[in-house]
Amino acid sequence: QLKHSCPKKMKMVEKRSGHVQRTKGGMIAMPFIFANEICEKLAVVGFGANMISYLTTQLHMPITKAANTLTNFGGTASLTPLLGAFVADAYAGRFWTITVASMVYQIVNLSPLCGMISLTLSAVLPSLRPPPCKGDQVCQEATSGQLAILYVSLLLTALGSGGIRPCVVAFGAEQLDGNDPSQKTKTWKFFNWYYFCMGAAMLVAVTVVVYVQDNTGWGWGLGIPTMAMALSLVAFVLGYPLYLHMDPAGSPFTRLLQVCVAAYRKRKLPMVSDPRLLYENEELDAPISVAGKLVHTKHLRFLDKAAIVTEADNPKISSAPNLWRLNTVHRVEELKSVIRMGPIWAAGIILFAAYAQQGTFSLTQAKTMNRHLTSSFEIPAGSMTVFTLTSMLATIIFYDRIFVPVIRRLTGLERGISFLSRMAIGFAISILATFFAGFIEIKRKNAAIKSGLVDHPHAIIPMSVLWLAPQYCLHGVAEAFMSIGHLEFFYDQSPESMRSTAAALFWTAISAGNYLSTLLVSLVHTFSEGPRGSNWLPDANLNKGKLEYFYWLLTLLQVVNLIYYLCCAKFYTLKPVQVRSTEFGRDKEDNVELASHV
């Protein structure tokens, strides 16, 4: 029989039906967690939504340099969650990691708030930015010192984000008991709710905050996100008595490394004929297998050698073997799970690279087009992502309320379709978005030619900005399918002791996508340069470029990526878990489930 051991702070009581019910957590904790996420996203997105306009109009950066600056910042901000996730999973736990990181936002120099303060000061104080352009003279670019303030501010913002982003989603999901039949549906719905709240906050940021930035000034425009950060901390801490708190289980990276070292040391040993002979120690694994034990799989069998027992190991003498020589099957399977997730993780990079163009070149296109919705109201270029966000929110509602109930009748799955299928739909829609964007750019340039405005990069072309709305909307629909499916995949398929790290993998895919975008822009800008300064992606005048070729290059890469993803999904093995439950006071082994509830 399996021994069931719970972390000290994970308070539970046993019901007569045999299910272990938790006394804390549940839906009552969600408003506080979602409030924190809403305020944090309002701050971060409000800070960055219109930043390319600030870089090009206030600091006079060339378009490609500004685009690369923002994608590099986005990449770094999405990479730092790995550090926050490591601290949460290994040492501090998710609640305290989120709390301290939020306090760092407010107090310490290494925080987004201080980053925002630096940017706010640079927006308010003339000495921190170059003088404004006069007439047709060449604009003076920012000095090295002024750029240093910008880069330090962006770096501080990225560092501060690392403690919150990976932990909020994992902390929220663990408040719901996936093994409780009454909460099984709520567990997978949580990711839809989480992303909906995040999208709603972003919608406010790209409308209200960007409008303030364009019409009131950058001082107030960056001050509002600063105040929102303070509210996020207050909202989260208020819910402390209601939260379910899980103790950290030690460094997950150390455990993965121990399996690698043990397998390498025993690489010359013959494989055992029966996997039941491999080492298992339920007491040792109890803190990292509360919800269920990972069972042996036949893939990546060379790693199984880390669990082969030799005379030198003497596991019967000591209940705590040398883990650099001998590991349990559960720990070996943790590493296998992480390796299996790798190809699926990589498939998201191209999509995020395509998605990044909305904040760079698509926004630059919008600035050259007629943005008047009425004679008195002009939509800010930085608010064009409102179409992405509204379509994403509408798709989430449609998916949750209509799509899933209908498809459930056909597939028999509680969530309608698996997260792998959901991601595939998102990939396909993203291809349509970038393919369509190329044709809109051709139409925009033709309008510039007919109006005689090709040589006037800052002139407004007589073409409605609403022509860009379809590509923004398609990106929003794609995100509702792919990004939420991606997040579900990482949380569901990761070892339970690495849930924050798994959420960080989602952000690292965004990071890699931003860096890939930077690389593609730099390569295209370098190798597409022609005579007389012609270029697919010109620095000063987009009307003379070939932006549509760049969009279609992204389309081609995404088609190849979709084929790659379908192959990976076809051969992917879902994580097998042996779920524990209690019945009539005795421990009981349930059947092995694949991927928890898929």
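Including glycine, each Cβ sits where the backbone N, Cα and C put it.
Look at TrEMBL and you will find 104-128 (among others) tagged as transmembrane segment.
The transmembrane segment annotation in TrEMBL covers 148-172 (among others).
Look at TrEMBL and you will find 193-212 (among others) tagged as transmembrane segment. Residues of the same chain lying 6 or more positions beyond the ends of the transmembrane segment (193-212) and with a Cβ under 8 Å from any Cβ of it are 30, 34, 37-42, 45-46, 49-50, 168-169, 172, 220-221, 224-225, 380, 382-386, 389-390, 392-393, 396-397, 480, 483-484, 487.
For 218-243 (among others), the entry in TrEMBL reads transmembrane segment.
Marked as transmembrane segment by TrEMBL: 338-357 (among others).
Residues annotated as transmembrane segment in TrEMBL: 377-399 (among others).
Positions annotated as transmembrane segment by TrEMBL: 419-440 (among others). Within the same chain, residues 344, 347-348, 351, 354-355, 357, 362, 365, 467-468, 470-471, 474-475, 477-486, 488-489, 492, 547-549, 551-552, 554-555, 558-559, 561-562, 565-566, 569, 572, 598 sit at least 6 positions outside the transmembrane segment (419-440) and bring their C-beta atoms closer than 8 Å to a C-beta of that stretch.
Distant neighbours of the transmembrane segment (460-481): 195, 351, 354-355, 358, 362, 365-366, 368-371, 379, 381, 384-385, 387-393, 395-396, 399, 422-423, 425-427, 429-430, 432-434, 436-437, 440, 443-444, 447-448, 451, 453; these residues of the same chain sit at least 6 beyond its ends, with a Cβ under 8 Å from one of its Cβ atoms. What TrEMBL records for 460-481 (among others) is transmembrane segment.
Sequence annotations record features per position, and here TrEMBL assigns transmembrane segment to 502-527 (among others). Same-chain residues lying 6+ beyond the ends of the transmembrane segment (502-527) with a Cβ under 8 Å from its Cβ atoms: 64, 67-68, 71-72, 74-79, 81-82, 84-85, 165-167, 169-170, 341, 345-346, 348-357, 360, 483, 486-487, 490-491, 493-494, 535-537, 550, 553-554.
Look at TrEMBL and you will find 549-567 (among others) tagged as transmembrane segment.
Just going by CB pairs under 8 A, the stretch in 218-243, 377-399, 549-567 that sits most against the transmembrane segment (338-357) is 549-567. Within the chain carrying the transmembrane segment (549-567), a Cβ under 8 angstroms from the stretch's Cβ atoms is held by residues 344, 347, 350-351, 353-354, 357, 361, 423-424, 427-428, 430-431, 434-435, 437-438, 441, 520-521, 524, 528, 536-537, all 6 or more beyond its ends.
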